[in-house]
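What TrEMBL records for this protein:
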| type | residues | note |
| --- | --- | --- |
| ACT_SITE | B:Glu80 | active site |
| ACT_SITE | B:Cys143 | active site |
| ACT_SITE | B:His165 | active site |
Protein chains: 4
Amino acid sequence: MKTVLMAAFEPFEGELVNASWEAVSQLHERMICGAHVVAKQLPCVFGESLQVLNDAMDELEPELVIVVGQANGRPNITVERVAINIDDARIPDNAGRQPIDERIVADGPAAYFATLPIKAIVEGIREADIPAAVSQTAGTFVCNHVLYGLLHRQAQQGGRGGFIHVPYLPQQAVRHPGAASMPLQTVVLALEMALSIALTVEEDKKLEGGATQ
Amino acid sequence: MKTVLMAAFEPFEGELVNASWEAVSQLHERMICGAHVVAKQLPCVFGESLQVLNDAMDELEPELVIVVGQANGRPNITVERVAINIDDARIPDNAGRQPIDERIVADGPAAYFATLPIKAIVEGIREADIPAAVSQTAGTFVCNHVLYGLLHRQAQQGGRGGFIHVPYLPQQAVRHPGAASMPLQTVVLALEMALSIALTVEEDKKLEGGATQ
Amino acid sequence: MKTVLMAAFEPFEGELVNASWEAVSQLHERMICGAHVVAKQLPCVFGESLQVLNDAMDELEPELVIVVGQANGRPNITVERVAINIDDARIPDNAGRQPIDERIVADGPAAYFATLPIKAIVEGIREADIPAAVSQTAGTFVCNHVLYGLLHRQAQQGGRGGFIHVPYLPQQAVRHPGAASMPLQTVVLALEMALSIALTVEEDKKLEGGATQ
Amino acid sequence: MKTVLMAAFEPFEGELVNASWEAVSQLHERMICGAHVVAKQLPCVFGESLQVLNDAMDELEPELVIVVGQANGRPNITVERVAINIDDARIPDNAGRQPIDERIVADGPAAYFATLPIKAIVEGIREADIPAAVSQTAGTFVCNHVLYGLLHRQAQQGGRGGFIHVPYLPQQAVRHPGAASMPLQTVVLALEMALSIALTVEEDKKLEGGATQ
């Protein structure tokens with residue numbers, strides 16, 4: 001039986017919850033397209049987050065790994081295209097560390113592309129009437145750090161991997177005037193669709209999803 | 001038995017649906033706090049919209065009238081504070097008319113404040129974990145036109161009235177990249193709460209809801 | 001000789017300068033279209049700001065009064081259409097007062113329209129390649145407070161009045177990541193044009209400048 | 001004598017000018033920090049743009065190449081951190097081509113980091129009171145295409161290279177309501193500073209410039 005690892009983050013920047021974990025934890029032990037989903041919470045800490053992810057990968061040997069993070073203020077589900085080899089923290093992580101312009105892997109390449117069918121996932125989610133888009137940057141904080149580390153490992157050991165950012169939940173947006181949000185069940189549904197497309201679509205679709213700048 | 005009139009708009013600007021009517025039509029014939037809710041669709045046309053609203057008010061003699069409109073791109077429920085005595089159309093209405101700087105009521109005052117407990121409504125919706133805020137302008141298009149006309153009539157004949165703007169529905173936002181949205185059932189819930197608060201709160205609460213600019 | 005009073009504000013919300021005063025102070029004692037310009041700084045304080053403005057109007061008996069304020073984050077010159085009879089402070093003013101939903105004039109009307117040719121001013125500024133627009137709300141803070149008080153007085157005593165919001169200066173935007181700004185000399189030029197148009201255009205132009213929401 | 005090549009783009013997306021070329025053309029034949037600046041206009045066309053750049057590099061053998069592009073709507077000067085190996089066009093280029101998910105260099109790495117001291121450049125521009133920031137993505141259109149091609153060549157042949165995005169000019173923003181802009185002379189000054197810093201700073205500064213998402 002195939003195993004899928006879904007990882008998401010603990011709260012950060014003073015929030016009480018992290019939308020990504022609220023959603024991903026609902027998928028724990030679910031069967032999707034014949035695969036067994038295991039959910040794992042990651043600390044929002046450089047280094048440690050990757051260690052927890054690597055330990056879970058050692059244990060589960062998943063064929064597919066999707067990491068989910070919270071993108072404060074974004075109104076839609078965004079599927080990340082690429083991770084870059086740099087830690088550059090605008091704010092301290094949950095352990096108080098704030099690396100500036102440090103390589104994630106000292107001799108690693110500048111970037112890895114996600115190995116998910118990102119256009120097919122965006123199209124599938126949108127066809128379910130849930131706003132979604134490709135994102136051209138996962139930032140330079142812990143989200144990008146984990147995605148780069150994941151793709152670096154999979155480049156050597158095989159397996160598919162990627163990252164999906166989700167909006168604030170409504171109860172978070174209430175405390176951030178003017179911020180967009182998405183209800184938990186909508187996010188869960190979008191992640192289920194992403195999983196099932198990632199498990200069944202071999203080659204990505206040629207669909208528009210670029211940015212002029 | 002008390003009657004409440006809830007009015008909302010037909011689609012405009014090329015949309016197939018109008019989020020306001022999708023939500024308000026679900027409240028038709030509902031009983032809320034002992035009041036009978038009647039939903040009415042308004043054309044998105046200067047003049048005609050007010051005529052349809054006035055006819056419904058003649059027929060129903062409602063104690064409370066809440067008009068609901070769609071605010072493209074806004075991420076939250078916004079309760080309007082004021083309507084101003086001006087029609088100034090950025091785009092043509094659904095009948096192709098585009099008035100520029102015309103008074104809605106030739107000798108009417110410059111503005112009317114909504115007579116709903118707007119702060120209490122915003123607080124109540126937010127306590128239900130739905131993002132909401134006071135809005136200081138209803139624009140100068142058909143939404144403001146209807147609110148001004150409603151409040152002008154109620155200033156003479158009595159009754160309470162106001163206006164609530166709602167976001168795109170998710171299926172609309174899918175076609176407007178980057179636009180925020182709110183699911184239909186969340187919008188319906190917010191409007192139910194607005195109605196029940198408007199029906200039961202006599203004096204508005206002193207709660208922060210201003211804007212510096 | 002005609003006298004024009006231009007008022008602008010002291011810094012607020014922790015800023016070291018206020019873009020409005022930086023610009024308006026450069027117009028002090030200038031002659032524009034045969035009128036003598038007097039610049040006056042107002043405290044960013046409810047009540048006191050209007051007292052300083054009223055004292056200056058008593059002394060100068062200006063035919064035209066334009067108040068200028070800083071609109072944090074806006075990218076363009078905005079000419080205000082209307083002031084509403086409400087103080088509702090999101091943040092404390094410079095004297096620590098934070099009125100919530102209080103009338104500016106107890107028995108005053110809900111609003112006054114600015115008596116400047118706002119469309120002609122916006123058009124003139126834009127023809128000089130400076131981004132400008134009509135604004136449908138001056139907020140509910142000290143800017144709206146002063147504009148309402150000014151228009152209330154002029155409604156009784158005559159004279160024309162209005163309000164123009166200006167962006168951050170670049171040196172302010174540097175400390176507000178992602179905020180738009182406009183150089184001082186561009187703002188000064190826009191205000192000169194606004195003054196000359198206000199002094200020479202009797203009837204406003206019928207130009208599009210509305211908002212749908 | 002050192003030669004610096006500054007390249008910028010022809011107008012696109014229906015604009016009459018391109019802010020990047022308006023600024024860069026003013027630097028043609030200038031001497032900055034002992035280096036001779038040559039400005040070159042690039043077509044906004046996949047492939048052809050790189051061909052023109054390569055031809056100029058063959059001819060001039062510049063030690064430093066900075067490409068400048070226009071980022072519609074951004075309020076500040078942004079220095080790009082990275083270019084990724086993908087063409088994904090949201091709109092057709094000026095030759096009508098719209099590649100979707102095609103590699104720029106078939107067997108090239110996923111990305112290259114710009115080899116400019118990007119943090120020092122941002123700091124220097126900001127110290128001159130001009131808003132500036134690091135950007136984590138140059139998009140997937142012709143700008144990213146040219147930056148990737150440039151860095152790929154320099155990875156083999158040596159030399160430093162990078163990309164700077166500049167806002168609309170005010171005369172462009174006038175036709176895009178609500179868009180931010182920056183005056184031409186401010187942009188020119190920022191580019192001069194970027195050049196002089198790139199020519200004199202060997203190792204970049206450890207300064208915050210990251211993004212959480």
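Even glycines carry a Cβ here, placed using N, Cα and C.
A TrEMBL annotation is a machine prediction, not a hand-curated record.
Shown on the structure are the features that TrEMBL records.
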residue	record	DSSP class
B:Glu80	active site	strand
B:Cys143	active site	helix
B:His165	active site	strand
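Of all the Cβ atoms in the protein chains shown, 26 others lie within 10 Å of the Cβ of B:Glu80 (active site).
Take the CB of B:Cys143 (active site) and look out to 10 A: across all protein chains shown you find 27 other CB atoms.
A sphere of 10 angstroms centred on the C-beta of B:His165 (active site) encloses 24 other C-beta atoms.
Across the structure, B:His165 (active site) and B:Glu80 (active site) place their CA atoms 7 angstrom apart.
Rounded to a whole number, the distance between the Cα atoms of B:Glu80 (active site) and B:Cys143 (active site) is 10 Å.
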